[in-house]
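Following: one structure in C-alpha cells, then a few remarks.
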Amino acid sequence: MSAIRYELIKTDKQTGARLGKIHTPHGTFDTPMFMPVGTLATVKTMSPEELKAMGAGIILSNTYHLWLRPGEELIREAGGLHKFMNWDQPILTDSGGFQVFSLSKMRDIKEEGVHFRNHLNGDKLFLSPEKAIQIQNALGSDIMMSFDECPPYPASHEYMKKSVERTSRWAERGLQAHARPEDQGLFGIVQGGAYEDLRAQSAKDLVSLDFPGYSIGGLSVGEPKDVMNRVLEHTTPLLPANKPRYLMGVGSPDSLIDGVIRGVDMFDCVLPTRIARNGTCMTSSGRLVIKNAKFTHDFRPIDENCDCYTCKNYSRAYIRHLIRCEETFGIRLTTYHNLHFLLNLMKQVRSAIMEDRLADFREEFFEQYGFNRPDAKNF
C-alpha cells in the first residue's frame, strides 16, 4: 500500500481546478497548497509553530543541502527529519537534481549518475538515482522525488529527447531502490522542456511506472509565462486524476492561480522568503519594496487587507527602519507576511473552487494586484 493517497473533493465548474486532500504518514493537508521551503531543515527565520499558525500544511526540505550539511546519517540518528527539526506534519524532499545542475559549475552527466563539484568547497561528488533515494530514505520525508536531469531553457529538441529518456530510466532505477514505499511516497518528475511531444513521452513513461504522485519539472527556469501555461495545459491531462500533481519551483501569485486552473495541486518556491530578506513584500495591491524612501513616515501596515502577525502589529516605517539597518527581526516580519500572504491566497483559491468561481476570483485578484496593467511589476 502506498504511503500517499490523494482524495478529490470537488472540481471547479468554471475551470476544472481541483480541490482535494493528500493523506500522508504525518497527517493530511488540503490542496491546492503552497509549500514553504526549508532548505536546511528550517524555513529561514520561522519557527515550526509560526508555520503551523499561518496554515502551512506541509513544508519542503532540500536533499542536496542536507546531504552536505549535516549529512543524512546524522539526521537518521536523530530519528529522521521530522524529529530533527521538531516538525510533526508532512515533509516533502526534492531529489537534489536541481541543485546539482544549478549550483555546480563543473558536472559530468553519465548514465550511472552525475559527477560534480561540491559548491561549498570544490570536493568531487557523485549523485545517482539510487543515492538520491537512499539519502531521502534516511531523511524519512513523507514525499520523495525521483532523481532527474534538469536541462536549461532553452535546450534543443535533440538534447531534450535524450534527457527525457535518461530521466525515465533514472526514475525506474529510483523506484527499484526505494526501501520504504509504505512509509514514504515517491513521485516521478515529468520533464521535456517546452516540447509537447517530449512532455507527452515523459508523462507516458512515468505513468507506466505507477508512481503515487507526479511532479512537473523543468518550468519556471526562464521561459515566458505563456509557455509555462501552455506546457501545463498539455501535460496535466496526461497525468492520472487520482494522483497528486506538483509544479516545482513556482511561487509568484499569478503563477499559483494559473497553475491551479490548469490542474496542479502542489507548489513550492523560495520566492516569498528570498525576496522578504531584501525587503520586498507581496500585498493584495501588488509588490511593495519596503526600503523605498516613500515609506519613511508611513505608519500603515504592509497590507491593510492582511491580518497576519506582522500587519496587525507593525508599521511600514518601522519595518523599513529594521530592513535598512539589517536587523534580523525585520527579515522575520517580512518573511512572516509573505508566507502568510501566499498561504492565505491558496486558502482563498480553495474557497473559490468550492464555490465554483475560480475564474471570477482570478479576474478580481489580477485586477486588484495590478497584473492587468501594462506596467505590471512581478517578482
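The first residue you see is number 1, and the count goes up from there.
Each Cβ is built from the backbone N, Cα and C atoms, and glycine gets one as well.
Source: prediction; values computed, not measured.
Long-range neighbours of D94 (active site, proton acceptor) (same chain, six or more residues apart, CB within less than 8 Å of its CB): L60, N62, T63, Y64, M145, M248. Positions annotated as active site, proton acceptor by Swiss-Prot: D94.
Cβ neighbours within 10 Å of D268 (active site, nucleophile), excluding its own Cβ and spanning all shown chains: 22. Feature annotation from Swiss-Prot assigns active site, nucleophile to D268; the stated evidence is sequence analysis.
Spatially close to G96 (substrate binding site) yet at least six residues away along the chain are N62, T63, Y64, W67, L127, A132, I135, F147, judged by Cβ distances under 8 angstroms. According to DSSP, G96 (substrate binding site) sits in a coil region rather than a helix or strand. Annotation source Swiss-Prot lists substrate binding site at D94, S95, G96, G97, F98, D148, Q191, G218.
Around C306 (Zn(2+) binding site), the same-chain residues six or more apart in sequence whose CB sits under 8 Å from its CB are T283, S284, H337, H340, F341, N344, listed in sequence order. C306 (Zn(2+) binding site) falls outside any helix or strand according to DSSP and counts as coil. Among the features that Swiss-Prot reports, Zn(2+) binding site is placed at C306, C308, C311, H337.
The region 'RNA binding' feature in Swiss-Prot is assigned to 249-255 (among others); the stated evidence is sequence analysis. Counting residues per DSSP class in helix, strand and coil order gives 3 helix, 0 strand, 4 coil for the region 'RNA binding' (249-255).
Note on the region 'RNA binding' (273-277): residues 36-37, 43-45, 331, 334-335, 337-339, 379 of its chain, located 6 or more positions outside it, place their CB under 8 angstroms from a CB of the stretch. Taken from Swiss-Prot, the feature region 'RNA binding' covers 273-277 (among others).
For the recorded substrate site, residues D94, S95, G96, G97, F98, D148, Q191, G218 set the reference point as the centre of their Cβ atoms, and the other residues of that chain within 8 Å of it by Cβ are F101, M145, S146, F147, E149, C150, I189, G217, M248. For the region 'RNA binding' (249-255), same-chain residues at least 6 beyond its ends with a Cβ under 8 Å from one of its own Cβ atoms are 34, 98, 217, 219-221, 225, 228, 267-272, 282, 341-342, 345, 365-366, 369, 371, 378-379. Ranking the binding-site residues G218, C311 by how many other Cβ atoms lie within 10 angstroms of each Cβ puts C311 at the bottom. Around G97 (substrate binding site), the same-chain residues six or more apart in sequence whose CB sits under 8 Å from its CB are L127, A132, M145, F147, D148, E149, C150, I189, listed in sequence order.
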